[in-house]
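Here is the structure we will look at, set down as structure tokens.
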Amino acid sequence: MYFQNSTQLGWWFLAELIGTFILIIFGNGAVAQVNLKKMATSETKAKFLTVALTWGIGVLFGVLTANAIFKGSGHLNPAISLFYAINGSIKSPTALIWPGFVIGILAQFLGAMIAQTTLNFLFWKQLSSTDPQTVLAMHCTSPSVFNITRNFLTEFIATLILIGGVVAASHFLHNNPNSVPPGFMGLWLVAGIIIAFGGATGSAINPARDLGTRIVFQLTPIKNKDANWKYSWIPVIAPLSAGLVLSIIIGFSPAPVL
């Protein structure tokens, strides 16, 4: 996450916006397909597995597309961007790291919100025939049992695994550059995290993916809706906390972050 001029920052913004757009289109699109009424796929078996794998596919093609626009992009997640920003400041500080972080965050939120708005437009007939809580699930996450401590730790640990996996995958790709395309291991990493943790909290592991789409839900004209704002801070603060903690731990380790 190093930038030499404002032009690179502009391409970084576009890459993160489009990459995050693709992530949400795939992920929340899959949730809509298996949950909204009047969808031909709403009776699909293995809904949870379908959604988990489709989120993974969203990561794969979001990262691939972002990297095609600007090499080194494809975070699609403020927690990952925070990790790389802090780690970069510790090991190789440059003037544009933090402006790049802010621009990336804005792009990720905007990409998520545009994607969710697009899904709502495309599926409006099905959405308007479905109960508000099910519609909420195609926007953002909610816990199966509300418990602040356990919900926070679930999202925190899941995000630690996500970012740690991203770092490990980056090292593998650096040492084996022609092995698999960028984002391929992210597909299985994200799918695995959702399968392991998603039943408890929905596995947001991404503030833009959760808060940006929750805002869209709040702005959508649906009767008797509840965006569950009392929970909304957990999928934001827990992933960012994981990014902060891991960046400090790895930042002072001798191993380079690629």
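Yeah, the Cβs are placed from backbone N, Cα and C, and that goes for glycine too.
Now, the feature entries from Swiss-Prot:
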- 11-31: transmembrane segment (TRANSMEM)
- 50-70: transmembrane segment (TRANSMEM)
- 95-115: transmembrane segment (TRANSMEM)
- 152-172: transmembrane segment (TRANSMEM)
- 180-200: transmembrane segment (TRANSMEM)
- 233-253: transmembrane segment (TRANSMEM)
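Using the rule of three or more Cβ pairs under 8 Å, pairs at least 6 apart in sequence, the transmembrane segment (180-200) is not in contact with the transmembrane segment (11-31). Remote same-chain residues near the transmembrane segment (50-70) are listed as 8, 11-12, 14-16, 18-27, 29-31, 34, 44, 76, 181-184, 186-192, 194-195, 198 (criterion: CB distance under 8 Å, separation of at least six residues from the stretch ends).
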